[in-house]
Each structure stands twice: as C-alpha cells, then as structure tokens.
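So that you can see what the record holds, here are the features copied from TrEMBL:
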DOMAIN    23-305  domain 'G-protein coupled receptors family 1 profile'
TRANSMEM  6-31  transmembrane segment
TRANSMEM  40-63  transmembrane segment
TRANSMEM  83-102  transmembrane segment
TRANSMEM  122-145  transmembrane segment
TRANSMEM  165-190  transmembrane segment
TRANSMEM  249-269  transmembrane segment
TRANSMEM  289-308  transmembrane segment
Amino acid sequence: QSIAQEVVGLFCMVLLTLTALVANTVVMIVILKTTLLRKFIFVCHLCAVDLLSAIFLMPLGIISSSSCFSRVIYSIAECQGLMFLNVCFISASILTISIISVERYYYIVHPMRYEVKMTIRLAVAGVIFIWVKSVLITVLVVVGWPQGNGATSASRCTVYWSPGAYKTVFVIIFSTVCFVLPTVIIFAVYCRVYRVARMASQQHAPVQAQAVVPRYRSNSIASQVTIITARNLPLPRLIPERFWGSNKAILTLVLIVGQFLCCWLPFFAFHLHSSVTAGTVGGGHGEMVVTWIAYSSFAINPFFYGLLNRQIREELTRLRRSCLNRPLGQDLCLSVSEASVQENILQFLQ
C-alpha cells in the first residue's frame, strides 16, 4: 500500500508539472503571436510566472516530496534558495491574479475609464509592483533563516526547519499579504462584476422584442453598439434560457473564486495553524499534500484565466488549423472595434 501511494503521488506530481508546462506555454504563445490579444498582458504575465514555477519550483518539489529521492541532501544555502523560489513565485502568482480581477472590474464596469487609463506604462508599472512586492516578502526567508538550530543539511526543505518566533512572524506576514488581502479583493471585485452584469441583463430584457428586427449598418458608434447589443441579446422565445444564463454566470464566478480558495486556503491555513499553535510540529505528509494542492494552481490558472476567454480560445483554434494546413474559413479573430460593454460581459461570464 505504501509503494502504491508513492507511485500514485509521483504520477500526480509529474502530471501536474507537465500540464503546467504545456498549458502555460500554449497560452503565452497565442497571446504573443496575436496583436489583438496583447492587451491581455497580465494574463500573459500570470502564465509566465506559472511557467517559471513549472520549470524550477515543481521539479524541485517532486525531488523534495517523493521518497524516491530520499538520498538527496540539501545544504542551508540550497534550502534557502528553494524557499526563496517557493515564496517568490507563489507571491507573484497570487498578486497577478489579484491585479487581473481588478483589471476585469474596470474592463467590464468602467470600460471608458479603462480604455483611457490602461496604458502600456501602467501595465509595466503593475508588473514591476508585483515583483518588487514578491521579492520584499521573499527577503524575509533569506534574512535570519534558519536560525540557531545547529543544522547544516536536511533531506527536505521546509519553513519548519527554523523553529521559534521568527517562523511565526514570517508565516503571518506571508499569509496576510499573499492570501488574506488578495482574497478580500477578489471577492469584492467579482461580486461587483456579477451585480453589474445582472443589472445589465435586466435592463436589456424589455428590448428583446427588437432584437429580431433587421437593422442597417451605420458608421456611427452608437449605431454599431446598438447592432452588436441586439445581436448578442437572447431571443425572447425561451424564458428558461435567461434563467440558465443567470445560473451560468453564477457558476462561472463561483468556479473562478472557488478554484482560488480550493488551491490556496489549505496551504495557508495549514501553515498558519502549524506556526501559531504551540507545540505543533509541521512538515510530513500534511505539508506535502497542501503544498501540491497549492502547486496545482500553476496548472489550472491557464485554463481559468486564459482558455476560458473566447478570443484566446478562438485564436488558438485558428493557429491550430493554420499549423495543420487546413482551410481557415472565416476569420475567427475578433476586432477591437466590434467589442461592446455587453459583449465583454457576455465573454467573461460565459
């Protein structure tokens, strides 16, 4: 039974690592190769952070977690380096998710303000802010850790290698900055987005009878928005579709927030409990399980924040067909000028 558990655990860890490598690479290539998709700079940055985690952090996690590599011994410097990468990449990934949620809020709720203020300079400043904050938090791992335990090497690198008050302070700061505050931001932002989308669907309900009336195209922006709005509205003949669409929006938001909580809540709750509770010795299988539940976020993020977007998904289909030398048919890439507030809400919630 022990051997079977080791084999299953090793298989799951390798599968997560390969999924993170492939999925993040694909989403990054699609965004960088398509000019119209380069506005998703924070999604691309999230995939870059997760890809770095899959290249450096997850393989080291396999070596540190599996008993197949039990003969590998780490020095203090090597453990400090591993913990530095661990905290830095986790912080950068979670902070990027927080910024993506705020960006989506302005993109959907305040589209005009978003178009004016969201510039390349602001995006680069956001990326710099993420890495500066991540490095500052990570410095706490290196400065003064481990302390006074007399150890010169270890078979597993863990924060519990350094007992005492320093470990407790570090875990509390790390959990507050990288989990509690981002969770509050994500909850508040997506609740607001859902309320705005629900209000928009209720306001468009009386206009559904006009959706089937053919309209001639006009060069004015107001006419184009009216045509696109009428095209995206559901037909009034199926009332259950509105009910299902509302539930679908709720399900989408619950999945996005629930995925974040399922991946990171066990990790931070375990470390907080183990560091605050007196006499509790961390490490072992419990720490390994919650760590790899957290690492699974690196493999899931490109699906939730990349491939869930219709533009990225359709561009991926177009690139796949072009690579296979198949006829493309009509162009699947959406023009920025054809986007509207209603279409953005529909893309995000679906």
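Yeah, the Cβs are placed from backbone N, Cα and C, and that goes for glycine too.
Bear in mind that TrEMBL entries carry predicted annotations, made automatically and left uncurated.
Mean model confidence for the domain 'G-protein coupled receptors family 1 profile' (23-305) is a pLDDT of 77.
Residues of the same chain lying 6 or more positions beyond the ends of the transmembrane segment (40-63) and with a Cβ under 8 Å from any Cβ of it are 10, 13-14, 16-17, 20-21, 24-25, 27-28, 31-32, 69, 72, 82, 85-86, 89, 92-93, 96-97, 99-100, 103, 120, 123, 126-127, 130, 291-292, 295, 297-299, 301-302, 305-306, 309, 312. Proximity of the transmembrane segment (165-190) to the transmembrane segment (83-102) is established through 3 or more Cβ-Cβ distances under 8 Å for residue pairs spaced 6 or more apart.
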